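Colleague: OK, TrEMBL features for this one:
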TRANSMEM  29-50  transmembrane segment
DOMAIN    29-441  domain 'Ammonium transporter AmtB-like'
TRANSMEM  62-81  transmembrane segment
TRANSMEM  120-140  transmembrane segment
TRANSMEM  147-168  transmembrane segment
TRANSMEM  180-202  transmembrane segment
TRANSMEM  214-234  transmembrane segment
TRANSMEM  240-265  transmembrane segment
TRANSMEM  277-295  transmembrane segment
TRANSMEM  301-322  transmembrane segment
TRANSMEM  334-356  transmembrane segment
TRANSMEM  392-415  transmembrane segment
Amino acid sequence: MGESNVWLPTGLWPDEASPLWLNKGDNGWQLTAAAMVGLQSVPGLVILYGSMVKKKWAVNSAFMALYAFASVLICWVMWAYRMSFGTDMIPVLGKPDLKAMTESYLLARYKHEYIPTADYVFYQFAFAAITVILLAGSLLGRMNFYAWMLFVPLWTTLSYTVGAYTIWGAGFLRDYVIDYAGGYVIHLSSGVAGFTAAYWVGPRHSHDRQHFPPNNIINMLGGAGFLWMGWTGFNGGSPLAASTITSLAVLNTHICTATSLLVWLSLDMAVYLKSSVIGAVQGMITGLVCITPGAGIVDTWAAVLMGILSGSVPWFTMMVLHKKSSFFQRVDDTLGVFHTHAVAGLLGGLLSGLFANPRLLEMFYPTGKQGPGFIYGILDGKLRHALRQMGIQFAGALFITVWNVIVTSLICILISRIIQLRMEEDDLEIGDDAVHGEEAYALWGDGERHPPPLRFRMTPRIPSFCRRPDRDH
């Protein structure tokens, strides 16, 4: 060992597995943060979805989330990661290749950070997976599971990668849009794509749409808890280091979330005279989503203001505007993902452009061209730069919205030519037993019916244009 290692504990000496550039603290935190984001999906959203829907859809809803998590991982390492963060192919997309499956690439240093590339691949996978799972919240209770199996890899490949590459990779908005941890890339895209897909899939069974109570509110709170605490890694992992920005982002995340929950709860109590647990969870989610694009680049007082707005603006769009608007009524967005993610994500992106602290921006975007927040621009005499940044925030949101509407529509149209997007009416009446041959609460022998025989009708119906014509006619 060289003289430079004399004053280090032997556990910190570099070796083949711990090269000189590796910071074990940063590496340990990044792996922890990535695992926390993964836990938001599995088991977090698996539990949340399985509990928040009607009993007959508990298995199907939870399984849609579990399948998406596994499917996205395979797509991610085989091609989608490099399409999101690889070398330029076109201005909005990277070139697909298999580098993310090679040892030399994964164990190399990630850019100028002090972690291996494998950390970043896994962390960004957890982001990609939760985006698709959030999108699924708009489709619960009626989407054909086989159509969902096709939708997940197609949407990950053709839609998510473009948003990630454009804003976080090497795309044309990378050095301009403020999106700390995915207000646009993850939440705006999942909300818009979910709403668009819900339009193409069609509504739930009419009775389900009118009467859709959660089957287990206590478990729903458990899933929500995974989501809230897992956001520590969601926003805390974005700096890719255990730094001061990380600490600020974590604190801001929880302050905004708590504020949003309390505001939503207060509005429910003032208008409906009841404290709704489901409403509190919705307010929690909108707070988490709203702070995401600005968690590490706004001051704590701004996080409080963002919480107030994230608890009130999405509440208004969901509880008032949605009920009065024929446009919203035409589309059956099962869990209101458009309001909790698209509206809250857009709101967070614009508020980040309003409140961004220029000193924090320089720390998080050392080579970027992001301008100061509008308020700081006025205070520092840089109004032109601040207005420009607000315009960029609007432009980034517009790009993500338009891309997701178009591509999600094309994906749904393509899949509908292969297999039905929506289940048959008979299956919609039955639910999990018709789809999977399983039920969430099958307490046989306790006064309940006997278990049904195993069902093996697992082959998707073939569309008419694929069938052999009847030669007798």
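The backbone N, Cα and C atoms fix where each Cβ goes, glycine too.
Where the annotation comes from TrEMBL, it is an automatic prediction and has not been curated.
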Colleague: The transmembrane segment (147-168) and the transmembrane segment (62-81): do they have three or more Cβ pairs under 8 Å, with pairs 6 or more apart in sequence?
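Modeller: Counting Cβ pairs under 8 Å, at least 3, so yes.
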Colleague: Name the range, of those listed as 29-50, 277-295, 392-415, that has the largest tally of Cβ pairs under 8 Å with the transmembrane segment (334-356).
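Modeller: Most Cβ pairs under 8 Å with the transmembrane segment (334-356) come from 277-295.
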Colleague: Under 8 Å between C-beta atoms and at least six residues away from its ends: which parts of the chain pack against the transmembrane segment (147-168)?
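Modeller: Distant contacts of the transmembrane segment (147-168): 64, 67-68, 71-72, 75-76, 79-80, 83-85, 91-94, 124, 127-128, 131-132, 135-136, 139, 174, 177, 179, 184-185, 189, 193, 197, 201, 396, 399-400, 403-404, 407-408, 410-412, 414-416, 418-421.
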Colleague: For the domain 'Ammonium transporter AmtB-like' (29-441), report the average pLDDT of the model, please.
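Modeller: Taking every residue in the domain 'Ammonium transporter AmtB-like' (29-441) and averaging pLDDT yields 96.
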